[in-house]
């Protein structure tokens with residue numbers, strides 16, 4: 001039995017796994033991996049909420065400049081995991097990528113903490129009653145941006161590999177009998193992620209507001225130190241798969257091969273063409289969509305193009321049919337993905353909501369005051385509530401009304417999420433219009449720091465709508481990509497949402513900068529002024545609402561052009 005087991009292990013895992021690794025892995029490794037992720041998420045998410053206040057008060061930045069730094073930082077954080085995943089899969093390995101990312105994040109957080117404890121690392125305080133403020137010097141800005149950049153890159157490296165690395169620990173033969181092992185791990189992973197965000201938006205933000213920046217930014221450094229130690233403490237127990245060819249490399253090979261074979265002519269008779277097939281694949285012929293990519297898998301001369309074992313002698317000139325279809329699947333969803341990225345612009349607004357809440361009465365009772373940066377927690381809670389209500393209330397009621405099991409397609413959920421996102425920015429524009437009118441009426445036009453007689457509870461509707469919208473659209477997007485892509489593209493499918501959020505941050509930065517330039521010329525106060533009582537953020541959010549309407553219409557058009565999803569095709573056949 002030992003010999004047959006050894007032969008089986010040699011046949012399946014020899015290319016990726018060392019013999020010394022055979023007794024490693026299992027559930028005992030998950031506390032180290034999940035602990036690393038939870039502490040890292042809590043530490044990094046604690047920096048974001050109050051960062052705009054830190055930049056404006058300590059670095060004397062205006063609203064637009066501070067927001068653009070946050071947008072670029074968010075974009076880097078969301079796009080870095082894709083590049084890190086490519087390096088981890090192809091060259092470095094997942095464990096080394098997580099370890100390296102943990103160290104880089106720790107260094108970045110430590111450097112950022114130094115900006116709060118070393119006076120020379122930031123501009124001097126403003127002078128006199130006229131608030132004469134000196135801007136940050138080039139070195140001070142470089143030190144600040146470098147520390148934030150290291151945090152973004154390091155956190156991206158951890159996120160790129162932690163979920164897959166934990167899955168590697170449970171993919172051994174002994175765990176294949178328990179089909180729920182990996183499913184349970186995924187559930188715990190996302191539960192731990194949500195819990196860490198809640199801790200960041202409550203406890204860590206409270207420390208920043210009530211105990212100062214030094215302690216407030218020092219606490220995340222300690223969490224990141226424990227996170228780094230935790231991932232290395234589990235080193236003796238991990239299964240460490242060797243790097244192998246990345247899917248991203250295969251997609252790039254198709255682009256290069258189709259370009260190099262661009263002079264080939266495609267025949268309408270499939271019998272006249274020999275296509276390169278992957279061993280064991282059921283995909284024999286490429287589809288007719290995006291036919292120009294089919295040139296990448298045409299075998300021109302079997303003796304020259306194929307090795308004796310049937311593999312391509314030059315994978316940058318000849319690809320398999322599966323590779324071509326994988327790239328086509330990715331290109332087909334790009335229009336829908338782009339509409340999702342544009343919707344995320346509404347979510348990528350980290351600065352103004354904090355400044356808005358700062359000017360409103362945030363007391364609950366006579367003594368407790370909610371930190372302005374903690375109001376984002378209501379969107380997280382709303383998202384969790386929607387997920388529970390959808391499974392436990394919405395679907396059962398819909399099933400009773402229709403008399404059959406109800407199911408809303410991924411495209412329907414994404415569309416409804418976009419509609420709720422439009423409502424959230426529309427409500428935000430209305431609430432801000434009311435808040436601004438009260439501030440002016442009370443004589444606070446020149447004092448954006450003063451608290452007006454308006455309860456911050458007015459911010460709950462917009463936060464709840466944003467949470468519902470994100471839950472619907474984000475879950476719908478992930479499900480759509482995973483169901484539409486081949487199983488070999490699951491890693492790409494899981495990364496598309498994050499890339500979309502990164503693109504959304506860059507687009508949000510462009511929109512804010514453009515509106516600032518268009519409305520702030522000729523001595524006029526910009527709509528996105530640092531003084532929110534003189535600015536017109538209500539108009540700014542009306543612009544986002546208009547963009548949301550246009551984007552929703554584009555989504556409907558793209559959704560119809562895409563046609564039915566794979567599951568919808570089967571349902572239509574069964575109904576017929």
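For all residues, glycine too, the Cβ spot is worked out from N, Cα and C.
Curation does not apply to TrEMBL; its annotations are automatic.
According to TrEMBL, the features are:
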TRANSMEM  33-56  transmembrane segment
TRANSMEM  68-88  transmembrane segment
TRANSMEM  100-121  transmembrane segment
TRANSMEM  141-165  transmembrane segment
TRANSMEM  186-207  transmembrane segment
TRANSMEM  213-239  transmembrane segment
TRANSMEM  370-389  transmembrane segment
TRANSMEM  414-431  transmembrane segment
TRANSMEM  492-512  transmembrane segment
TRANSMEM  539-558  transmembrane segment
Check: Do the transmembrane segment (370-389) and the transmembrane segment (68-88) come close, with at least three CB pairs under 8 A (pairs 6 or more apart in sequence)?
Finding: no
Next item on the list: Any chance you could find the range in 68-88, 100-121, 186-207, 414-431, 539-558 with the most Cβ pairs under 8 Å to the transmembrane segment (492-512)?
Entry: 68-88
Check: Which one of these stretches, 33-56, 100-121, 186-207, 539-558, has the most C-beta pairs shorter than 8 Å to the transmembrane segment (68-88)?
Finding: 33-56
Check: Under a criterion of three or more Cβ pairs within a distance under 8 Å and sequence separation of at least 6, are the transmembrane segment (186-207) and the transmembrane segment (33-56) in contact?
Finding: yes
